[in-house]
Amino acid sequence: QVGHCNGIINSTSSMIPFIPYKRLFKAVKFLPVFLFVYIFLYSSLFRWPDSAGPRFPPQHLANYVCPSSNGGEKYSHFDSFSPNDTALTEPRILLLLENVFSRHGRLITQMLNATKCAYKIETFSKNLPLLTTSTRGRYSTIIIENFNRYVNLPKWNRQLLDKYSQDYKVPIVSFFPGRVQFFSSSKVRGMNLTMWHNQKAFNARFSPSSVIPFIGRPDAVLPFPVSDGREWSLFEESSDYESVLVVEDIEGRRRAAIIRDKGLVDGVEKIVIGHNLSEWMIGLGFIDSLRWSTKSRCGVDSLDRFIQIDIDDVFVGARGTRMIPDDVEALVQSQERLRHSISNFSYLLGYSGAYFLHGDDLEDEGDKKLIETATNFLWFPHMWKHNHAQEYNESFLQSTMRLNKQFAVANNLRVPFEYAISPQHGGVYPVHNALYEAWEKVWGVKVTSTEEYPHFRPWNSRRGFIYRGVKVLPRETCGLYTHTQLFHLYPGGVNKLISLIEGGDLFWTIVLNPMSIFMTHQQNFSHDRLAPYTFDNLISFIQCWTRLRLKWEDPISAAQRYFNLFPMEKNPIWSNPCMDDRHRCILPPSFNCSSLTLPNLLVVGPQKTGTTALSSFLQLHPHVTTNEKMDKSFEEVQFFSGENYGKGLDWYRELFSNGQCSIIMDKSATYFDSEEGPRRAATLIPNTKIVVILHDPILRAYSWYHHLVARNESIVEGLSMDDILDGGTSNAKKIRKRCISGGRYAHHLDRWLEWFPSSQFYLIDGGALRDDPVQVVDHLSRWLHLSPFDFQSSIQFNRKKGFYCKIVSGHPSCLGASKGRSYPPLSPSLSSRLCSIFRDDNIALHKMLLKHNFPVPSWLPSSLDQC
């Protein structure tokens with residue numbers, strides 16, 4: 001073996017070439033020279049200079065010029081609507097789509113989301129959705145994606161829809177598809193209206209004689225073809241109809257692209273649109289149509305738009321990317337230009353003081369220039385070293401904030417408002433309590449803004465909220481980030497930026513929002529100065545085509561205005577940050593997604609239907625668990641429906657620590673009829689399964705009344721069930737609502753179905769649960785994909801109690817005295833009275849169950865027959 005190894009070594013060494021060592025030593029002598037030349041060239045050509053040096057001058061692009069010479073005509077329109085106009089319907093829209101995957105349907109829903117309009121989506125099916133409640137119409141406007149579907153509805157559905165529109169004065173807004181198989185003119189079925197398909201449109205303008213235009217500027221003319229293809233359906237103008245958007249066809253003949261049917265023929269007012277929402281002028285017409293059809297209950301009934309432009313990261317940035325003195329002068333000039341279009345306007349500059357004078361020589365001069373001209377602007381704090389707040393405790397955050405505050409004082413920066421921005425919005429949402437505490441103690445912060453609530457995308461669904469006394473406003477991005485400094489390097493090219501300005505997302509951001517807080521960065525005001533170009537042209541485009549009045553007000557006043565307009569946004573909606581990649585990146589280290597345990601089963605009620613018994617029986621299975629016991633809340637969490645929701649996600653997740661079980665249950669019977677419960681649950685646990693018990697609402701209401709009597713509730717003292725139904729006193733009215741509301745199953749179930757698909761629901765017959773709980777729980781466990789379990793031997797009827805109890809260690813373990821009480825028998829007259837009260841709701845429930853292929857409980861058919 002030794003010989004073999006030596007042989008390998010010898011054979012290998014014989015392959016090594018001979019090296020002339022004298023030549024090598026001579027070459028080493030020149031190594032310092034090579035290194036010097038390399039370092040000189042690198043520092044000269046590739047490194048940003050430490051001394052002031054020339055830069056490429058800013059590239060200038062042509063500014064937007066309004067193509068219309070008409071400044072807009074005055075016209076009459078509805079400035080306001082009386083309360084009588086809105087009393088007949090709820091402020092909600094019914095959206096009827098071709099199918100849930102419709103591209104145009106997505107455009108419509110995006111527009112509705114941006115306007116914050118409440119709406120419900122339905123697809124065309126055999127039966128129309130429920131249109132009325134017991135007291136008024138459910139919808140103030142009906143939007144139909146394809147008008148052809150409306151005119152060709154089955155006779156019964158068409159009559160039902162038209163009668164609803166007539167009785168409740170509900171207009172229909174609909175669209176014609178742009179491309180069809182034929183090019184010739186045609187008559188619209190049921191209307192004295194001639195139309196042409198596959199047309200081109202020229203010289204588009206809103207009619208000053210129409211009552212619809214509000215935001216759109218009347219008679220401001222778009223002279224060139226509105227779009228490249230033949231995608232328009234154009235209508236012949238007629239005295240029977242009101243032209244809203246007027247165009248010319250390819251031969252110069254005047255046509256209408258949007259018309260208003262006044263309902264003179266059939267009593268149904270309609271707005272018919274001849275193109276989809278991909279055209280911004282059609283979008284303006286659609287928004288104004290919704291304002292009119294909903295009687296100002298959709299969107300903001302004002303032409304005032306407040307604009308705030310924040311310049312983040314002042315003094316922050318790599319060398320070569322920061323502002324120089326010329327950029328600062330240009331910033332002052334930009335502010336002056338915007339003040340001519342936006343009343344009271346000022347830029348707000350956000351700073352991190354630790355990076356002052358950290359650029360090259362020319363950029364340091366720019367920093368000094370900013371300080372010299374600081375009184376021209378308003379300032380707000382970031383963190384001292386641009387720290388990411390979610391990574392630090394309160395003590396550290398306070399110390400870094402104080403350094404930034406001292407910097408402002410030392411350099412005479414005007415920080416007049418209790419407004420601050422966290423770098424990368426860390427700690428704002430998902431919330432980091434230490435940030436809010438430190439803000440309060442150092443700066444007294446009252447307002448901030450973020451682009452992350454509830455999620456970064458889509459932009460048109462961003463909202464505000466209030467947390468720990470801090471008003472959090474939605475923040476808008478405008479495509480300008482720290483890396484967007486040169487026009488030719490803009491993502492998607494400069495034409496992409498122009499498209500965002502001229503009828504794109506930036507345009508719609510201002511049109512659809514009463515106030516817009518735009519996030520920019522100091523890099524966007526250097527080099528090619530993309531930010532001044534963007535806002536100069538955006539404002540010009542808006543002033544050309546809309547009647548909006550652009551204003552600025554301080555962040556504190558803006559926040560107050562925002563939540564006065566949208567009080568429903570005050571309470572935050574908690575989502576699961578582990579399901580959002582951006583949110584995962586800004587979570588505090590203490591929040592561990594790998595160990596996060598949340599319920600995957602909700603037993604939502606309603607109350608007095610046997611939810612406690614069901615929960616107790618289901619927990620017999622070894623793979624089912626529920627929340628830890630809490631003080632002052634009985635056995636229920638009541639997170640999604642009560643004050644506990646304000647305690648936040650951390651409080652809720654800590655109640656469910658047993659992640660070993662396959663089913664983690666939250667049983668809270670108050671969820672079912674909660675207004676906010678479905679949305680809150682869907683936002684946090686969208687994939688959860690939901691169990692609903694449908695007990696005879698007559699028996700449920702009677703049981704609820706006796707439940708109050710047994711608890712000696714003062715509100716029910718001296719009142720019989722008939723007294724309560726009469727509603728003769730204030731207490732009787734309150735109790736009547738509580739007794740009846742929970743049994744309006746269709747009303748509440750419909751709300752849950754708006755947020756969860758029907759496949760996630762399991763409906764239980766309350767009578768079956770009472771009479772045969774073993775079979776009910778066994779079927780439920782199979783639906784939950786639990787392993788087989790012998791419930792038969794663990795649940796037995798207790799003759800003494802008069803109901804079923806679970807068996808623990810061979811002994812019955814029954815529910816407390818408040819459960820399963822015996823009540824006096826229900827009188828026939830009271831039963832008949834309650835039957836009449838629930839009749840319409842039970843009819844609606846029956847239709848809903850059949851539509852979604854849910855099982856019909858045994859009590860429902862007999863109840864319908866008796867009533």
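The chain as shown is numbered from 1 upward.
Including glycine, each Cβ sits where the backbone N, Cα and C put it.
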Among C814, C835, which cysteine is annotated in TrEMBL as forming a disulphide with C805?
C814
Looking at the recorded positions Y804, C805, C814, S822, Y823, which ones sit with their CA no more than 10 Å from the CA of K608 (active site, for sulfotransferase activity)?
none
Highest Cβ count within 10 Å among the binding-site residues Y804, Y823: which residue is it?
Y804
Cα of C814 (disulfide bond) to Cα of Y823 (3'-phosphoadenylyl sulfate binding site): how many Å, rounded?
18
Counting other C-beta atoms within 10 angstroms, the emptiest spot among the binding-site residues S703, S822 is S822
Give me the count of other Cβ atoms within 10 A of the Cβ belonging to C814 (disulfide bond).
16
If I take the alpha carbons of Y823 (3'-phosphoadenylyl sulfate binding site) and C805 (disulfide bond), what is the distance between them in whole Å?
19
